[in-house]
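Novice: Here's a structure for you.
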Amino acid sequence: MEGHTDMEILRTVKGSSTGEVNVHLVARDSAGPHPQLPTTAFIIPTNAATLGLPSTALDVPYPREPVHVGALERVAGSEPVTATILPQLSTGTGTNSTVRLLDWTGVSAPLPGSGMRFRINEYAPLNMIGVERPRSPEQRHEGGMARRDAGIQHPDVHQDRQDITSLEPPVDASSCKCQACGPQQSSGLDVGSSGDRCSQPFQKRSVIVENSGCTIASELLKPMKKRKHKEYQSPSEESEPEAVKQGEGKDAEREPTPSTPENEEWSRSQLVSSEKKDGWSWESYLEEQKAVTAPVSLFQDSQAVTHNKNGFKLGMKLEGIDPQHPSMYFILTVAEVCGYRLRLHFDGYSECHDFWVNANSPDIHPAGWFEKTGHKLQLPKGYKEEEFSWSQYLRSTKAQAAPKHLFVSQSHSTPPVGFQVGMKLEAVDRMNPSLVCVASVTDVVDSRFLVHFDDWGDTYDYWCDPSSPYIHPVGWCQKQGKPLTPPQDYPDPDSFCWEKYLEETGTSAVPNWAFKVRPPHSFLVNMKLEAVDRRNPALIRVASVEDVEDHRIKLHFDGWSHNYDFWIDADHPDIHPAGWCSKTGHPLEPPLRPRESSSVSPGGCPPLSHRSPPHTKTSKYNFHHRKCPTPGCDGSGHVTGKFTAHHCLSGCPLAEKNQSRLKAELSDSETAARKKNPSNLSPRKKPRHQGRIGRPPKYRKIPEEDLQALPPSVVHQSLFMSTLPTHADRPLSVCWEQHCKLLPGVAGISASTVSKWTIEEVFGFVQTLTGSEDQARLFKDEMIDGEAFLLLTQADIVKIMSVKLGPALKIYNAILMFKNTDDAFK
């Protein structure tokens, strides 16, 4: 044999009991110009039961490790290893093989560069008959004496090659002839001659040998790169990364096993394999903080465990409830899939209305659900109700309807007993939690029903079940000594009487026995969990329980300012136990570290100056400040909710200066003592000629100290004053003379005077300022008095009240003028 031979051996110890070793040999003769075929060798201990060989090299799921073939390691203690090597023989005449690489002398041959010797018989292509192990002379002598005493005829492969013939075991009485294997050496083992023990392994091996000649695929012919030699690792060190890789592969293929909330083992296992980002993990974080996670048993099944995979795909269409109008159903499209969550888009509307839900949300339904249940479906623009059909719509949009099996079936749920459409009750206004109002049941779906406040818009509606702490039977306020808010425009609200009202409306009250008592939750302060960031719903962050009530918890995002804390229901679908993101494949935002909060920005960029440098002639725009300067912000989301990303401070939803611009989501999140803000006004999505929709919020007198607490930084300069540099340290009074001339009726009026205005006085001022009675009537319809008028922002005036931009700028700047003339409102 001439030329250099390279070998690669794939060795994987599968178990300690059998000591099975898989070896992948690839022989290449560098001197020959012809292609080499890979040879797969499987080294099997004598006590191995069954051998299963892959059909191709790609079926072997173990990493290849290059091994210097010298002294072969023993496995399972001192048990010798007997190998059966099945070479990939080719029928070609000029093709080299492993058989040709061996230096044959008689019926046996050594493998060049190693201590292994092989022989050929008529049943198996190659049998390894010995392995050389480096031993001391004393050990060699003692080993030879022990073998002679035991009668074992193992050859000593460390002898010279001239004694090869004498190394072959003689055929004597100790040799047994197996019907399946032929003449074999017993080696001191009790091997029967019937072949019962080896017939089945032999048949399997024969099939493999026969099929091995026809598995010469293109993948097997590809050359294999020689790996670098790795240092030896202990079996525990070797098996650990392999177990992790194999476990990950299995988790990706198999269905998640259903678990119960009491299964704490699931929680602990998820902490170990939790989401890691920049070296962060739940396990190390809990150890560092000396904290504990909220037990899985405290969460609802829909919050803690996902029994099904998220099978929704991009572009799938379905039906769902509008979160802003819970009584309306729209056609939705899956715009994004992240873990077990979906971002849904309203067909025919701007993406600024997109919202996130869990895949097991009860608010989404398959296509055609509205027809079966008798609900009305809000169609995209350009479609008529009498002409719409799902099949035609899917064809025209070239889309696919989400399969029905992806939706969480609630058909088995028991309908709420005692709650029927039209029945009356008393319910808490979740946007104004201090108010309890007259309400009705307007819809029943599965185990939930829709609560609607009489004579008010549907933006205040919400879905609940009989155990909700926000609903009460008729007469509850009177028993508790609390005021009851009657329906809007009720003739005599001070003398409202339930008996009279039920008789006038021809309705009945929900029976008292229909209401269920929900036990308080068991969350404790400082427990850790995972929660959706309400300012940027695409993100889930590490959170802690800051405070608790009977049915609500106050959450704090670890590492962030307490300005972002908020209240949420304990059964809200936006909170999950620790490890939920890891289990569902959703990214988890780790806590903001002190080094991050102290840094100026994630990119190390200095804060934005008030006056941007002029653009150079070589570039159309200045891209220096492309990263958001807010510490810990990754640039996702937008303060207006219309965009998925931002790159400046003005659009950051996490910036403290933008907190007043965020839409106030009071349901489930604010305390009853929170002052009512006009930002809760219902958006006008319907034409004005259809009348006012929604109800005006109720206001209470706000102490002056609360108004004094408003920082000047929350008062943003409007576009009307964009001609002057917006320096934070420049007082607004320097612009007074310039802008007072453009705002008639503003001069000489202070904020303290405006705060005492009635609704009619606000109406008259806006009419004088804008010169339009229609614009002023909007303020009158919403019952905005002077105190509420001062709390309006430009976004409230333009987006919520639907005032045109020109008049809105005048009104908002007039409010700024009022505030800056009174020290108490600055």
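Along the chain as shown, the residues are counted starting at 1.
Glycine is no exception: its Cβ is also placed from the backbone N, Cα and C atoms.
Relevant sequence annotations retrieved from Swiss-Prot are reproduced here:
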- CYS628, CYS633, HIS646, CYS652: Zn(2+) binding site (BINDING)
- 242-256: compositional bias 'Basic and acidic residues' (COMPBIAS)
- 612-621: compositional bias 'Basic residues' (COMPBIAS)
- 683-699: compositional bias 'Basic residues' (COMPBIAS)
- 757-821: domain 'SAM' (DOMAIN)
- SER136: phosphoserine (MOD_RES)
- 453-460: region 'Interaction with monomethylated and dimethylated peptides' (REGION)
- 280-380: repeat 'MBT 1' (REPEAT)
- 388-487: repeat 'MBT 2' (REPEAT)
- 496-591: repeat 'MBT 3' (REPEAT)
- ASP429: site 'Mediates recognition of monomethylated and dimethylated peptides' (SITE)
- 619-662: zinc finger (ZN_FING)
Novice: Averaged over the whole of the zinc finger (619-662), what is the pLDDT?
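Specialist: Overall, the zinc finger (619-662) comes to a mean pLDDT of 61.
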Novice: Relative to the Cβ position of ASP429 (site 'Mediates recognition of monomethylated and dimethylated peptides'), how many further Cβ atoms are located within 10 Å?
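Specialist: Taking all protein chains shown, ASP429 (site 'Mediates recognition of monomethylated and dimethylated peptides') has 25 Cβ neighbours within 10 Å.
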Novice: Which numbers of helix, strand and coil residues does DSSP report for the repeat 'MBT 1' (280-380)?
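Specialist: Secondary-structure composition of the repeat 'MBT 1' (280-380): 23 helix, 37 strand, 41 coil.
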Novice: Compute the C-alpha separation of ASP429 (site 'Mediates recognition of monomethylated and dimethylated peptides') from CYS633 (Zn(2+) binding site), stating it in Å without decimals.
Specialist: 34
Novice: Taking the Cβ of each of the binding-site residues and counting other Cβ atoms inside 10 Å, which one has the highest number: CYS628, CYS633?
Specialist: CYS628
Novice: With every protein chain in view, what's the tally of Cβ atoms within 10 Å of the Cβ of CYS652 (Zn(2+) binding site), excluding that atom itself?
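Specialist: Result for CYS652 (Zn(2+) binding site): 23 other Cβ atoms within 10 Å.
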